[in-house]
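Visitor: Before anything else, here's the structure in question.
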Amino acid sequence: MNKNIVILGTQWGDEGKGKIVDCLSSDSSYVVRYQGGHNAGHTLVVDGKKIILHLIPSGLLHDNIIGIISNGVVVSPSELIKEIKMLETHNISVNKRLFISNSSPLILQYHIEMDIAREKKLGISALGTTGRGIGPAYEDKIARRALRIGDLKDEKTLSMRLEKIVSYYNHQLVSFYKHKPVDYKIILRDLLPTIDIIYDMIKDTTSILQKAIKDKKKIVFEGAQGSFLDIDHGTYPYVTSSNSTIGGVITGTGVGPKNLDYILGVTKAYSTRVGYGPFPTELFDNIDKHFSNKGHEFGSTTGRKRRTGWLDTVSLCRSVYINSLSGLCLTKLDVLDGLNEIKVCIAYKNIHTAEIISYPDINEWENIIPIYETYPGWTRKTLGIKKIKDLPYEARNYINRIEEITQIPIDIISTGPDRSDIILVRDIFY
Ligand code: GDP
Ligand code: IMO
Ligand code: MG
């Protein structure tokens, strides 16, 4: 029986993970964010109402679900509280059903200033980060100097450690980056009132999950970012600073691999990327305009225009492999409506040797061009279709071809932004 499922991105983020988590979590007990931070932007549309979540697990829109922000997530207390308050304006209360790991590293103002200062200094080599302090916060964790959520419980020690770490950051910010310094007293002043609000949410989330698994509760693990933004497996250095591939679930929660019953990879029916870095199938023509306008491809966190391109099954197959995917969810199929023809990248070609490559070296993107197969498009609308048999023949053909190439089933198809625009090809919680 599939009880515990992981939902993660197979591309460069923004695949529509939030919507799918929301759809699949209605009959689960726990939804867990396990990596990343508020660099994520997960959009949910319920009855035409749009909510964007950055830190709070997407399943919390359903009553009675318990949300967990586990140890792998870097947490900005002020952003968390902002989001709790935003949900309250939609009459959604997280009271007594949101828990945060005491081991989650904190994101504080100096991380954000450092992120911004670094990007500025990099100039044309900048990564295009979200400017949310994600990289510096994970650096602190690895360097074993991070302040963590659990440290909020002891005000005196917190104040002492904060003063030290701020002097460490100010030295770099001012001397090296010629950036403005931060004031630890102001950081502390702003932080103290947030502690009262989140104090009771601070827990050992690993033991909560251990008990949930023992009690046979259903758990959905919600990935942030996408596989090619992974710190180890992505297009380094144009990546984020966490493991957005499957390993992040295990280290980021303390749940072992045997308890992950089904791993769902979410992929758009085409590709997008926000921020800089390699993107083999990127387009700069009218098709880009079509994806951009019809797919509203503007970042949910920063509002930046997303780069767009055709579906790249070479990288998708790599994603299937590195994540041990059980099945795929194909999102935004409706965005392809009205195109005369649809292309799928099925291999790369080395531009110097003309060699055809199916298993590319991820570090050698600059030497390759994509090779495409072309399929007829469809004129009928797929927007809002709920049964696979109602899809146009050409759309089903496209889906079958992706299954054939990736060798795994497409178990879910998303046909619009709303929670109800979904085709459940197979019940994955069987
Ligand atoms: P996430 O970060 O993976 O959760 O994805 P985002 O929320 O950043 O971006 C996905 C965007 O596509 C959001 O605006 C969603 O509302 C929207 N979306 C999700 N699924 C579909 C779909 O099947 N069709 C269309 N047209 N939009 C979708
Ligand atoms: P969701 O969960 C798309 C990108 C940034 C940048 C790079 C590093 O919504 O899919 P960072 O701020 O993490 O240090 O930036 O990663 N990035 C995302 N792109 N979706 C996301 O999250 C992203 N989170 C980070 O644009 O290129
Ligand atoms: Mg997003």
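Placed from the backbone N, Cα and C atoms, the Cβ positions cover glycine too.
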Visitor: Pick the one from ARG97, ARG189, ARG304, ARG318 that TrEMBL also lists for the IMP site with ASP14, GLU15, GLY16, LYS17, ASN39, ALA40, GLY41, HIS42, THR130, ARG144, GLN225, THR240.
Guide: ARG304
Visitor: Using only C-alpha positions, which one of LYS19, THR302, GLY303 is spatially nearest ASN39 (IMP binding site)? These are the binding-site residues in the record.
Guide: THR302
Visitor: Using C-alpha atoms, which one of the recorded positions ASP14, GLY16, THR130, GLN225 comes nearest to GLY303 (substrate binding site)?
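Guide: Ranked by Cα distance from GLY303 (substrate binding site), first place goes to THR130.
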Visitor: Comparing the binding-site residues GLN225, SER300, THR301, THR302, THR415, which residue's C-beta has the most other C-beta atoms within 10 angstroms in this structure?
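Guide: Ranked by Cβ atoms within 10 Å, first place goes to GLN225.
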Visitor: If you count, for each of the recorded positions LYS19, HIS42, ARG304, the other Cβ atoms lying within 10 Å of its Cβ, which residue has the minimum?
Guide: ARG304
Visitor: Work out the three-state DSSP category of HIS42 (active site, proton donor).
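Guide: Looking at the DSSP assignment, HIS42 (active site, proton donor) belongs to a strand.
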